[in-house]
Amino acid sequence: MTIDVAAMTRCLKTLSDQTRLIMMRLFLEQEYCVCQLVDMFEMSQPAISQHLRKLKNAGFVNEDRRGQWRYYSINGSCPEFDTLQLILHQIDQEDELLNHIKQKKTQACCQ
């Protein structure tokens, strides 16, 4: 599937932030609760929420509310999904920063 220049620009702009790019790579594998992302990225909850809001506004992620908790996963039905996959699969699985963040994955505090 192809996308127009404006859509590609929005896609690349959203992914241009290192934190959002890594989040999206993680979402290819599974969903995450906000509390897990806070621990993994060692960022404040408002900062994580701001990144997630940008990803959600772009249509790249789904938000699933379960009680007071919010879980995020990749939106496989977004028009840019094929492009997202192509970009995200280019990230080296042995990337030092990606693996550092993955190693901090914890059991969700919300479970």
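Counting starts with 1 at the first residue shown.
Cβ coordinates come from backbone N, Cα and C, glycine included.
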Among the residue ranges 10-33, 34-57, I'd like the one that Swiss-Prot describes as DNA-binding region.
34-57
Around CYS35 (arsenite binding site), how many other CB atoms lie within 10 A of its CB?
19
Could you check what DSSP calls CYS33 (arsenite binding site) once collapsed to helix, strand or coil?
strand
